[in-house]
Amino acid sequence: MKPFTFYEAIESNKRKTWFIVFIIYFLLFFVCYAVVSYFELGEIGIIIAFLIVLFTNYYAYQKSNEIILNYSGVREPTREEYPYLLNVVEGLSIAAGIPTPKIYIMDDPSPNAFATGKDPQNSVVVVTKGLLDILNRTELEGVIAHEISHIKNYDVRLQTIAAVMVGLIVILGDGLKRSFYYSKRRRDKDENILGIVSLIIAILAPFLATLLRFALSRQREYMADASAAMLTRYPEGLASALEKIAKNFQPIKRANVMTAPLYIVNPLSSNAVSKLFSTHPPIEERIRRLRMMGERWKMLDKEG
């Protein structure tokens, strides 16, 4: 396979990301339409469904930072405690052209990190004590550049909205299934095409939406890797950091299925989990792509 540049990797992932987002919104519209049609709610039902989507997106957008940090049990470090960490974050933030995010430490031995925040002006980078214990400065720069790239690319906002959309699809789909099976109207709809179609949508849409959310998370990880490599101009730093993280991996106690997509590597035990259901790409593949970018960069330097 031909090595690719940072720019090619980023543009490819942008296209894939927006395609996935479009499909998730289409599925949500499809499920809302099925619910409205099945219960004969008419225009009022469509308006109500739209308002529900609008409100849940707004609430998640405003409160996601506070909820995630409180649940994760993080603390703010002093400059005397981790001066090099604060210096790295400040330097890379300036290079990325964003305000310096707040820094928090999670006292967990597992090496990991994540970023959160609705926009670059209200962003946070969290690193575990385990990460700081095993990485050298170059590797730490790669990890922090990855998290800053998530912030600059508005990935937290995107992931939050996607999670809300998928959650709504699951809730509406489940409600539609229950109504089909248990309501009195079932006897009148056994042979009704609309009822059968609604049931099929209720079964398939939540499953497909969940797969798409995982696919979206994987694409944003690839994009953050490429953006981090472009920011540091040294893909090997992040590649080496990922190798160390994988070697020293252990599950994070305070992580859950909702916060897992935020981390640089999946913080949960991944025993027998299919690639389709993974929130993160395989670490080996991420390392391979980063090193391919490094090779391409060296080739371009020689040609130039």
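Here the Cβ of each residue, glycine as well, is placed from N, Cα and C on the backbone.
On a predicted model such as this, the values are computed, not experimentally measured, just so you know.
As annotated by Swiss-Prot, transmembrane segment applies to 19-39, 41-61, 156-176, 192-212. Feature annotation from Swiss-Prot assigns Zn(2+) binding site to H146, H150, E221; the stated evidence is sequence analysis. Annotation comment: Swiss-Prot describes E147 as active site.
Location within the structure of each feature annotated in Swiss-Prot.
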residue: H146; record: Zn(2+) binding site; Cβ neighbours (10 Å): 29
residue: E147; record: active site; Cβ neighbours (10 Å): 27
residue: H150; record: Zn(2+) binding site; Cβ neighbours (10 Å): 26
residue: E221; record: Zn(2+) binding site; Cβ neighbours (10 Å): 23
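Put simply, the residue listed as 'active site' is 10 Å from E221 (Zn(2+) binding site) when counted between their Cα atoms.
The Zn(2+) site is set by H146, H150, E221; from the centre of their CB atoms, other residues of the chain with a CB within 8 Å are A115, E147, S149, D155, R220, M223, A224, D225, S227, A228, I264.
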